[in-house]
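Trainee: According to Swiss-Prot, the protein carries these features:
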type	residues	note
ACT_SITE	C111	active site, nucleophile
ACT_SITE	D345	active site
ACT_SITE	H347	active site
MOD_RES	M1	N-acetylmethionine
MOD_RES	S451	phosphoserine
MOD_RES	T452	phosphothreonine
Amino acid sequence: MEASGTDEVDKLKTKFISAWNNMKYSWVLKTKTYFSRNSPVLLLGKCYHFKYEDESKMLPARSGCAIEDHVIAGNVEEFRKDFISRIWLTYREEFPQIEASALTTDCGWGCTLRTGQMLLAQGLILHFLGRAWTWPDALHIENADSDSWTSNTVKKFTASFEASLSGDRELRTPAVSLKETSGKCPDDHAVRNEAYHRKIISWFGDSPVAVFGLHRLIEFGKKSGKKAGDWYGPAVVAHILRKAVEEARHPDLQGLTIYVAQDCTVYNSDVIDKQTDSVTAGDARDKAVIILVPVRLGGERTNTDYLEFVKGVLSLEYCVGIIGGKPKQSYYFAGFQDDSLIYMDPHYCQSFVDVSIKDFPLETFHCPSPKKMSFRKMDPSCTIGFYCRNVQDFERASEEITKMLKISSKEKYPLFTFVNGHSKDFDFTSTAASEEDLFSEDERKNFKRFSTEEFVLL
């Protein structure tokens, strides 16, 4: 009985934490973000200009920009559609209990895992759908006006807290508020795209069976000494994502791998080996690779000299975003305008959605409004992600990224480098992990180092 009472206290405590976080972050979500019409907006490799959209000097945050070889001028709706189409993964509550804990929410501690999920989700979007893909229903999401965000938050948590007191533990999925446009796909290609869209989101479901779900990521984190409720830094999450992809058994995921840079160095031969390790005479296709590079943009604070570097990274068509944030908060950085970064915030706590249900609601997996913050507020610890479809794509990307690093670096040495050869050629050999021990001894040492370096996340 005593243990049961303790569990109930813990559950009530998480309710209060969730309520506080939602009250706090709903104000941020409802606050309008403004974009200048005189500066380009860049979003994951595409560039949008709003200069010719209208005569107002400022545009509300529901518009944005993206980067590529071409510029999209004067079309706020195109940016908005592009931004909303990115997959948004946030705190959730009332999901199945995490093993070896009483936790049914990640509110207050899971934000870096969520931003890592968002980066991986963007890599999967590129892999299966391509950068040009946008969600047909993106512009039909209900407006997150100032009244609805706040009132819904209050109503939701009043009901949620009352339910916890009465012992009502029923799981509820949010009602669909999208216009009834689904199911009217014009062709087989659109049907296929929507199927992959749903499949990708389902891989991040909050249940033990989801290949990239929170429960699975926490299991991999245990191998590094982490547990549910602990804080995770960007570098640790990079290694957890790598293990999650390596261990994924879904047939659609066999053509993808993840490489994590060692000490800010990408060893080209190691990357190519990962891309070609399963190539046979009957199947000459290379694997696609997501390259994750943990870096530090300064000492205690971010060095503003690295601003051009961050801009350069987010301007590349290969970029899938940055796991970063500001002290005590993790964000998924996807673009910029002038000296401000554009991000998606995982701190808004939403209800559990059962993604195993056919036609589960998609609305809560897409953010209706981008947010901006000054580069100066960025915490120096972050992880940068790139996607390359094949070996040829990787070779081209490494050349382009190297040029960008040289141009943007004001220091004698760039933040990270691409080096020909294998890591073992430079005496950085890491012990191979056995099936029982998913992380090598060197990786365990890295986890301990990363844990002491990185900021605390709430």
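Note that Cβ sites are derived from N, Cα and C of the backbone, with glycine treated the same way.
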Trainee: Given H347 (active site) and C111 (active site, nucleophile), what distance in Å do their CA atoms have, once rounded to a whole number?
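Mentor: Just about 6 Å between their Cα atoms.
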Trainee: Is it possible to get the count of other C-beta atoms within 10 angstroms of the C-beta of C111 (active site, nucleophile)?
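Mentor: The Cβ of C111 (active site, nucleophile) has 26 Cβ neighbours within 10 Å.
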Trainee: Can you check what DSSP calls C111 (active site, nucleophile), collapsed to helix, strand or coil?
Mentor: helix
Trainee: What whole-number Å value do you get for the CA-CA distance of D345 (active site) and C111 (active site, nucleophile)?
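Mentor: Taking the Cα atoms only, D345 (active site) lies 9 Å from C111 (active site, nucleophile).
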